[in-house]
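The block underneath contains the structure these notes are about, expressed in structure tokens.
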Amino acid sequence: MQPIDELIERLKKGDRRAVAKLITLVENDESKAKVIIKKIYPLTGNAHIVGITGPPGAGKSTLLDKLIKEARREGLIVGVIAVDPTSPFTGGALLGDRIRMQRHSTDPGVFIRSMATRGSLGGLSKATNDAIKILDAYGCDVIFVETVGVGQIEVDIVKTADTVVLVTIPGLGDDVQTIKAGLMEIADIFVVNKADREGADITYFELTLALDLEKEKWEKIGWKPPIIETVGTTGKGVKELWEKIKEHKKFLEESGKLAEKRRTRIEEEVKTIIAGIVAKKVEASLSEFEDIISMVLNKDLDPYSAADLVLEKIVGR
């Protein structure tokens, strides 16, 4: 493996292999990830990050395949990070039907990487956020982050993306109820994919009703999430979806909300890093504090006071 500085120089020159190697490093070596991000950070902050989320089987990869085409038609450099729940057997990402996107892999203007959540409680891993920064520094104009909308991931995608696209399909049972469990709150654009299926009009109607109930909220924000009907396999509605993504980007920039979002993102990231550092220090030092643990065991000290004492000693170092 080449030295990090050499890889970064190659990244600046548009070397795709260097990008792949840097992402592998941030995935597998936290100490190297720290060095890489420090060095490339001034080059970041230019890409528009679009989260594509929704339940399994919603056809996200098919849609994304078509969205890549739309972006490339405009000459944009595209990055794609496809996040999968970690395979319990290999620790790698489960590729599934994402193979169809690989036809773009010979296009020098498209970089696609599949990543696992890797034990971050089902959420987006720190490595995913670092990979986004690497693609940003590489010069991607738009970075799509595709996730399965389950567990913690759908919450994390809001902290990561500038624009969140929620993809649903007819036939999920109580469609809006299924989505409502946290997902309604996070979407900037709704997509009813596989709109040629029976029940698509009902899904569209239910989403419209649910959004209309939040009328005051949208008026305050200045953006009401549009609902786009698509058929990913034929490309129907994809151009309209791409236009709405661009429209939302323009809204964020002109309203000042993009700067707000990014500030919140940085705050969250710094807090996460601090929490990780403290957790590691506590884990490494806990054996030194056997006396404190014994005091809690003997009811001479409560767990909160014990935690305060341990943190005091660790932070004071």
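Note that Cβ sites are derived from N, Cα and C of the backbone, with glycine treated the same way.
When Swiss-Prot records Gly54, Pro55, Pro56, Gly57, Ala58, Gly59, Lys60, Ser61, Thr62, Val231, Gly232, Thr233 as binding GTP, the matching candidate from Asp15, Asp29, Asp196, Asp201 it lists for that site is Asp196. Taking the binding-site residues Ala58, Val231 in turn and counting surrounding C-beta atoms within 10 angstroms, the largest count is reached at Ala58. Within the set of binding-site residues (Gly54, Pro56), the lowest number of other Cβ atoms found within 10 Å of a Cβ is recorded at Pro56. Of all Cα pairs drawn from Gly54, Pro55, Pro56, Gly57, Ala58, Gly59, Lys60, Ser61, Thr62, Asp196, Val231, Gly232, Thr233, which the record names as binding GTP, the longest spans 18 Å.
In this structure, the binding-site residues under consideration are Lys60, Thr62, Thr233, and the one with the smallest number of other Cβ atoms within 10 Å of its Cβ is Thr233.
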